[in-house]
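Colleague: The following block contains the structure, expressed as structure tokens.
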Amino acid sequence: MDVSILRDVRPPVTSYAPNIWADTFSNISLDEEVQKKYAETIEALKQVVRGMLMAAATPIKQMIFIDTLERLGLAYHFETEIEHKLQKIYDDNVCGDDCDLFTTALRFRLLRQHRHHVSCDVFDKFLYEEGKFKGDAEGLLSLYEASHVRFHNEKILEEAERFTRQELSCWIKLQSPLKDKVKRALERPLHREVPILYARHFISIYEKDESMDEHLLKLAKFNFNFLQNLYKKELYDLSRWWNKFDLKTKLPYIRDRLAEAYLWGVGYHFEPQYSYVRKGVVLSIKIIGILDDTYDNYATVNEAQLFTEILDRWSMDEIDRLPDYMKIVLHFVMSAYEEYERDAKIVYGKKFASPYFKETIQQLARGYNQELKWVMEKQMPPFKDYLKNSEITSCIYIMFASIIPGLKSFTQEAIDWIKNEPNFAVKAGLIGRYWDDIGSHKRESKGGEMLTVMDCYMKQYSVSIQETISEFAKAVEDSWKEVNEGWVYTISMSKEITVQFLNYSRMCDASYNRNNGDGYTDPSFAKSNITALFVDPIII
């Protein structure tokens, strides 16, 4: 068929499930007095818990306490004290030849998660034959968790992950105090957990723990409910902002997913001081979603090309050249950008952020436009060419740009760094891209009518869909090793900046990595997480 004919063909339109939350978050009423009492109780309990942390007598007790604080979502209250304790544990080389497997693995994981350089050679003494490790149940679980902060070429940790996964899989069938921890760890290792989602889960586990401390549990519960009320207020404000555009009526082909977008914001930074980070993420995801659905689900190749060119010129002067639905899209993109520009310049004093945010929007549109041409003209490229374009359509750069105003340590130097496409960022983006390609294959193939990247891979390498999924999953594992290395070794940038790539990777894992689903498209997929974080408080 003549390719020029295909350029005016509209793709088969997917009808997405409606927004299941309706007006849940736009009709919220918050009691400020309750929030004030929560804050007062938290401050009092923090003093008690800080005393407990400082009084922990041995390095082992300190590490266990720090690990518990992090699991409960409380570590941000004691960041300075925790960093000081871990620095001393690192400097003193705690866990020489005397520590058991549990303690050795805990130290290794905590130090790597806090960007310390530690060698995996510490596990050599626990390897009693090829690929097998000696240790009790808690020790093997601790080793399993430690194995997921591994780098490339750390063979002993590859063996540890395989061995402990096999051993732990047998334990979930047994009645054991560790059963709940093991089951959750096998679903998603701790290092890949979204911190606030895991905290919500772990509070109920900690409550049943024989070693549970009442003050710590009480602080965790009050802290979570305080955060939840804050999230509800932010969701209320964002709902009112989103609803004023009424795009779900004007553009019926798009996914109406505000709560799901906000879930990503909380995944990036759940702490109260990062309110703008959450807003910025929502802003970027709404731009991403509308552009993605327009290019992928409605526009013809010729319409998309015109839109991309006009967006590249960043001018409303040519808007009348666009079809009516694209005028609405352009108006929204410009309006969202102006909101960002105002916040960046006036509220946060980061005028330098706006040009880069604009650049990432244009860059993303070009990436989507290229994908549309490949699909509609039925000329999928070699997989490596698709993968290069995927660095852009992973949305890692636009989402990174969107949070700049909310990060105190962010400077022009950080923008220059990210523009050089560091491997750390590229690999984080590919984690999202691979999981998205797996999760969205069924939707994007339009019942087999349209080509997807998985079709491209299957054809090029003559493999089945299951083999393709397996290869993509392996690529995710390799990318995680790069992300771990980037997290530890990218010391030229502050932790506040680099943690964004780690948390992006975690959110991708949570959004796409279960049953090959797509947590943004299918509202039922994210429902339990949204309910747990934004609807149901913890009973105190």
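Just so you know, the numbers here start at 1 and follow the chain as drawn.
Using the three backbone atoms N, Cα and C, a Cβ is placed for every residue, glycine included.
Worth saying up front: this structure is predicted, and the values here are computed from it rather than measured.
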Colleague: Which stretch, out of 7-11, 292-296, 437-441, is listed as motif 'DDXXD motif' by Swiss-Prot?
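Modeller: In Swiss-Prot, the motif 'DDXXD motif' feature sits at 292-296.
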Colleague: Can you count the other CB atoms that lie within 10 A of the CB of D292 (Mg(2+) 1 binding site)?
Modeller: 21
Colleague: What is the separation, in Å, between the Cα atoms of S440 (Mg(2+) 3 binding site) and D292 (Mg(2+) 1 binding site)?
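Modeller: A Cα-Cα distance of 12 Å.
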Colleague: Between the Cα atoms of D296 (Mg(2+) 1 binding site) and D436 (Mg(2+) 3 binding site), find the distance and write it as a whole number of Å.
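Modeller: Rounded to a whole number, the Cα-Cα distance is 14 Å.
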Colleague: What does the DSSP secondary structure composition of the motif 'DDXXD motif' (292-296) look like, as residue counts for helix, strand and coil?
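Modeller: In the motif 'DDXXD motif' (292-296), the DSSP-based counts are 5 helix, 0 strand, 0 coil.
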Colleague: Counting only residues 6+ apart in the same chain, whose Cβ is under 8 Å from the Cβ of D436 (Mg(2+) 3 binding site)?
Modeller: S394, C508, Y512, D518
